[in-house]
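The structure is given below, and queries will be raised subsequently.
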Amino acid sequence: MLKTVNQRVSLVLLLIAIFYLIFAYKMPSFPYVIVDADLIPKVLGYLLIFLAVLLFFTKNDETDEQKAKRNIPKKEIGMLFGVGGFILLYIMFLEILGFVLVTALFIYFCSWFLGYKNHIANALVSILLPVSLYLMFTELLKMNLPSGILPF
Amino acid sequence: MKKYLLALVVLLALILAACGDNGADDEAVEADAEATETESSDATESESSETASDWEPEEAIEFIAPAGAGGGWDTTARMAAQVFSEEGIIDQPIGVVNMEGGGGAEAWAHVAGFEGNPYKIFVSSPPIIFVPLNGQSEYGHEDFTPLANIIADYAAFAVRADAKWDSITELFEDMKEDPESITVVGASSPGSMDHMQFVQIAKAAGVDITKIRYVSAQDGGGMTQLLNGSVDVYSTGVAETVEQVRAGNIKVLGITSEERLEGEVLEDFPTVKEQGIDETFVNWRGFFGPPNMPPEAVAYYETKFKELSDSDAFAEIRSQFGWDEFYMNSEEYSKFLDEQKEVLAELMDELGLGN
Amino acid sequence: MGSLEGIITGFQTAFSFEAILFVLIGVFVGTIIGMLPGLGPISAIAIMIPMTFGMEPSVALIMMAGVYYGAIFGGSTSSILLNAPGVSGTVATAFDGYPMAQQGKAGKALAIVAIASFVGGTVSVVLLMLLAPALSSVAISFGPPAYFALMVLGFTAIASLSEGSTIKALISAVAGFMVVTIGIDAQTGTQRFTFGSINLLDGIDFLVIALGLFAIAEVCTLVLNRKDNTMKNFHNIGSLRLSKQDFKEMSGPMSRQSLLGFIIGVLPGAGATIASFIAYITEKRISKKPEEFGKGSVKGLAAPETANNAATSGSFVPLLSLGIPGSGTTAVMLGAFLVMGVQPGPMLMTERPEIFWGVIASMYIGNVFLLILNLPLIPYFAKVLKIPRPMLISLVVVFSMIGVYAVSFNTFDLYMLLLFGAIGFIMRLFSFPAPPFILAFILGGMLEQSFRQSLTISNGDLSIFITNPISCALLILSLLSFAFPLYGQLRKKKVS
């Protein structure tokens, strides 16, 4: 049944559209306007269903180059999740450890993880960049970035 | 080696910018210093520090503007912080932080988590009553410690200069007969300020408030739509109307203050009260602290805000932005807020907007 | 005072030593802040306001205006080099600017942008000077039905913004429109798709979408191609050299889009973003080689950059002559005027001619400074691309994070950035184009609001869209712009 890529994508889109529509129908109504808040979302939901159905029956017209993009080796998928994980850690610890420390650690380890071997250059950038950015934001632009556990 | 040097070129440019910045900064500060020197000769700096309570801030104070840069809350917070520092009313540094989101709800949730902390202060105005009533924030003014109110602004209802109404009563008479023929525009969504200030006055005049047609238009859309004839009435703040009145494009049918305001043009705006509608609406603005702030700290801020409100420097800022003086101490403020909430909750219930 | 006298006073003010010095500082700080992803004109102006205390109002405002258009001028750098549009007005710049930079022509791309911005900025100042008093009536001529029709016209561009499948482009657009419906609805106060989270009440910020779909998605692609060293081998990456052919190609879009961008900028609420998209689309429509667009076309790069700078000058018309701020940025600019005790509005031109005309006249100088400042820096900026890939990836992530964090100071938005980055990458994998998504996100909100405002005003009568002349004309134009390419396609098929 679900042989082509388009058919699989179409199914995912249908699910999104249904999810969206359920919430559009649950919206409370507001008595004093002619067009209520739920009209446009409902139109969009049905439009997406319609387009998803169209996509289901459309032949895949992607070029080979576009198809090739999806052939990612297992190891590379690991790399992507690795970088995603680093970003997640960055966000989680940003307000706890502070901007300077987290950014320094992120730049150093993320670059290393991605294969940057020049450790001296890496360390220099990892320290200088966050410190100068931090000073620029807090001192010149008067915008407070999280200071975290460092004393300044 | 060369590679990361190149990477730092961007930084170099930034540092250069910093120098440019500093240049401007220094000059501005110098000019400021001159200005304050002449002004502060009669300022009351010394008295306060003795009369103030035994609590003193020991670290930097944070003023939170629960909105983006440039809005009313942001301006109030920045102006207050500036006068506090420049006039030497508060010695500790004061940092202004913008915390945008949910019409204030995000910042309120943030501050609510700092129970008893005397260093987290935010600026607020009627939305802290509207937003919880609309069910958009679980925190309302009663969850925080009101410190002091400092300024007031009033609503104005404007129509085009060639409109057939010459007074607010004429407009409301027409609205009583055929409410559907008149469209009102404001910047906020229904159930928030521009809508409710009109509703409150219209209700007092006897208009069926469930039939008022209200359009919300952001980004200066309200004035545009009034001028091009798309809508009939613009519900906004007094200051927003002045220039167009002077140019003869619009006329103000009524403002919501107790008495007429002072100043050129402003003094010509009739209040709705003098036109026989016994109702007022104040767009007050003041400062709040986290829940259960220690009473000594509250007393400290009360005196400091009073000093701010009485200073010449702040008087100048008030006149620049067209704000009215409206000081209330913590106790008066709490009572005032409770009363306001009661009135507005009743109106919202009648409209079916209350949650 | 006659307006000629006023203009002369304005030039005297603008060409005083102090004014020239501060316009220089203003545009310099503006470009630098604009270059950082996430920090656009709004933050730039807000940051500079405290520095103007005590300055002469006319000089201070000349500087602030410089900060404003300087930030727009500088905003394109990160779009081109990193595919990270920091300002909404520069999203369309990335469409052709980034591919061009990836072909080793970053210097050239930045040079084209600098020149196009300069021309757009300068031509529009001439228009501003000649037409500002007259144009204030144009600025208010658009009621809700007319805005609705203008947005419809923008939406007809979706099909032309995609390579390949039209269905996929439409799906992208619907998805972008869906995302913009998240948050409190302005017309009713109803919470839509917020799932009880206060973080979603204001909807999702534009930057989260732009940096997610463009910058973070691009980071994923860069991770996969991290061993690709082609950039290192481009020796003339910072070269500014433009051929005669390039200038010839640029001249058309620059002359047309200076005018069009300016007019769109005059309309409150429309502004630089919409101007840049409409510019891109019209140039693609009338181009003889539309297939080059999106792959590093000179025209496709010059058009949106001319338009967004022209629109910035245009936005000064409602601001100065009506006191109406047409966007978040001009609202902050209005704040800057008020701080200086100057009230923009219909009386400003007669009462404070030195400020009204001084600010306008100073823009000539500001634009020249921007060009002089930016051209020599280009080779250095372009070399950012020569940073080894692993390091570049980390830096793009960090800059995107700061950009988003500086908007709300809330980590929730950072998680959203990561989410939209993932969505953007998945869209790439399955060949769903991102431009229609972002276009629908930008135009969708206004389309819906103006549609519903119109119907509230007309009491539900749909004929309001036809009886309003501007709206009617724009809708006919939309219909033509939709039908024309379709007709062309049909004919092609018949012939073949």
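Cβ atoms here come from the backbone N, Cα and C positions, even for glycine.
Note: TrEMBL annotation is automatic and uncurated.
Relevant sequence annotations retrieved from TrEMBL are reproduced here:
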type	residues	note
TRANSMEM	C:20-46	transmembrane segment
DOMAIN	C:20-439	domain 'DUF112'
TRANSMEM	C:58-74	transmembrane segment
TRANSMEM	C:110-132	transmembrane segment
TRANSMEM	C:138-159	transmembrane segment
TRANSMEM	C:166-184	transmembrane segment
TRANSMEM	C:204-224	transmembrane segment
TRANSMEM	C:259-281	transmembrane segment
TRANSMEM	C:322-343	transmembrane segment
TRANSMEM	C:355-378	transmembrane segment
TRANSMEM	C:390-407	transmembrane segment
TRANSMEM	C:414-442	transmembrane segment
TRANSMEM	C:462-487	transmembrane segment
Take the C-beta pairs under 8 A between the transmembrane segment (C:355-378) and each of C:58-74, C:110-132, C:204-224. Which stretch has the highest count?
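Comparing C:58-74, C:110-132, C:204-224 against the transmembrane segment (C:355-378), the winner is C:110-132.
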Tell me, please, if the transmembrane segment (C:259-281) and the transmembrane segment (C:110-132) are in contact, taking contact as 3+ Cβ pairs under 8 Å between residues separated by 6 or more positions?
yes
Any chance you could find the range in C:58-74, C:110-132, C:166-184, C:204-224, C:462-487 with the most Cβ pairs under 8 Å to the transmembrane segment (C:414-442)?
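It is C:204-224 that shares the most Cβ pairs under 8 Å with the transmembrane segment (C:414-442).
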Considering only the recorded stretches C:58-74, C:110-132, C:204-224, C:390-407, C:462-487, state which has the highest number of Cβ pairs under 8 Å to the transmembrane segment (C:138-159).
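Maximum Cβ contact count belongs to C:462-487.
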Across the domain 'DUF112' (C:20-439), what does the mean pLDDT come to, as a whole number?
88
